[in-house]
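> Handing you this structure, nothing more for now.
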Amino acid sequence: MALWMDAGSEPMTESEKADLEAISALKESAAIEFKEQGNECVRKGKKHYSEAVEFYTKAINQGVLSDSETSVLFSNRSHVNLLLGNYRRALTDAEEAIRLCPDNIKAVYRAAKASMSLDLLNEAKFYCEKGIENDPSNEDLKKLLKQVNSKKQEREQHEVEVSRAVVQAKACLSAMENRGVKIGKAMYRELTGLKKPMLDKNNILHWPVLLLYAEAMTSDFVEDFCETDISLNMFSEDSPPLPWDKNNEYTRDAIELYYEASSGTPLPSSRVLQYLLEGTKGSQAGTSGDEDTSLAKKPYNRRGSSGMVKVNERRTLHDVLKEPNLVIPEIPVFYVVSKRSKFYKDFAAGKWSPPS
């Protein structure tokens with residue numbers, strides 16, 4: 001009997017040949033039946049898709065159909081896997097269908113569809129163009145190719161924007177490090193939002209600056225202050241009176257600026273870069289692997305005692321920010337007090353500190 005023949009051996013007798021032909025016919029009949037059952041499951045809807053995959057698999061495993069017929073089975077199984085969201089399996093099946101029968105346009109379309117779902121846009125474009133070359137009137141492939149090209153254009157534009165954001169952030173970081181400026185953790189982001197320094201085309205830093213009136217714990221915010229400007233320019237001579245300053249003590253000639261010395265630890269370059277990229281297209285750029293060259297890698301020397309340090313308002317912002325005992329809490333924060341205020345005595349004596 002042919003059923004008991006050794007694997008790889010050739011039938012010797014007419015009876016064995018007849019047996020093998022009968023077995024092959026049975027397998028072919030079973031494969032066709034499994035295929036039809038698979039098709040019926042697809043027609044029944046989503047609840048039966050998994051059964052359809054099983055029937056197509058059984059049909060393929062019979063191993064007796066022609067390449068073109070087997071190609072159809074792989075293409076059908078690819079279709080169901082697409083419907084199930086099994087995109088990698090769908091692509092593998094479609095590629096096998098194409099290998100068996102390069103003219104299987106449905107398989108080419110499904111390979112393109114699966115590739116696009118996997119975000120393999122170059123592959124999706126290749127399959128679309130291959131299919132259109134073989135079937136120039138195929139509107140489904142043409143429509144899909146437009147979608148692929150549109151998605152590719154969006155990705156390329158996104159990559160350009162990401163690259164630009166990273167370049168700008170790294171240039172800003174480099175400018176800070178060259179100036180010896182140290183960046184620490186944010187203190188008052190709830191007052192300023194995600195404002196960040198920017199480097200202009202002339203390599204000049206522009207800083208958002210928060211002014212806190214220590215006595216009343218109210219604030220003003222300067223969104224763009226050039227590092228080359230002197231500090232006193234943060235205030236205008238003709239500024240209106242502060243609504244809470246009933247005694248008109250906070251006039252331009254009476255106020256003083258202070259910063260809090262040694263109030264934090266400088267962040268490493270990677271963290272500062274992450275902050276500079278936050279809220280931009282480059283925020284997911286994966287720059288954490290960059291070499292960390294920040295000043296924070298060196299031991300931080302807290303020169304001078306902690307506490308409030310008066311700002312010489314005749315100095316530029318740049319000169320103030322590079323003070324060795326100043327760690328900028330993301331953006332510069334200066335405390336404003338009036339020499340005429342009763343509060344001033346306590347502040348100058350160190351009896352006041354910012355709320356934690």
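Going from the start of the chain as shown, residues are counted 1 onward.
Cβ from N, Cα, C; glycine included.
In case it helps, TrEMBL gives these features for our protein:
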{"type": "REPEAT", "residues": "71-104", "note": "repeat 'TPR'"}
{"type": "DOMAIN", "residues": "200-264", "note": "domain 'Cns1/TTC4 wheel'"}
{"type": "REGION", "residues": "282-307", "note": "region 'Disordered'"}
> Averaged across the domain 'Cns1/TTC4 wheel' (200-264), what pLDDT does the model get? Just tell me the whole number, please.
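For the domain 'Cns1/TTC4 wheel' (200-264), the model's average pLDDT rounds to 89.
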> Counting by DSSP secondary structure, give me helix, strand and coil numbers for the domain 'Cns1/TTC4 wheel' (200-264).
4 helix, 26 strand, 35 coil
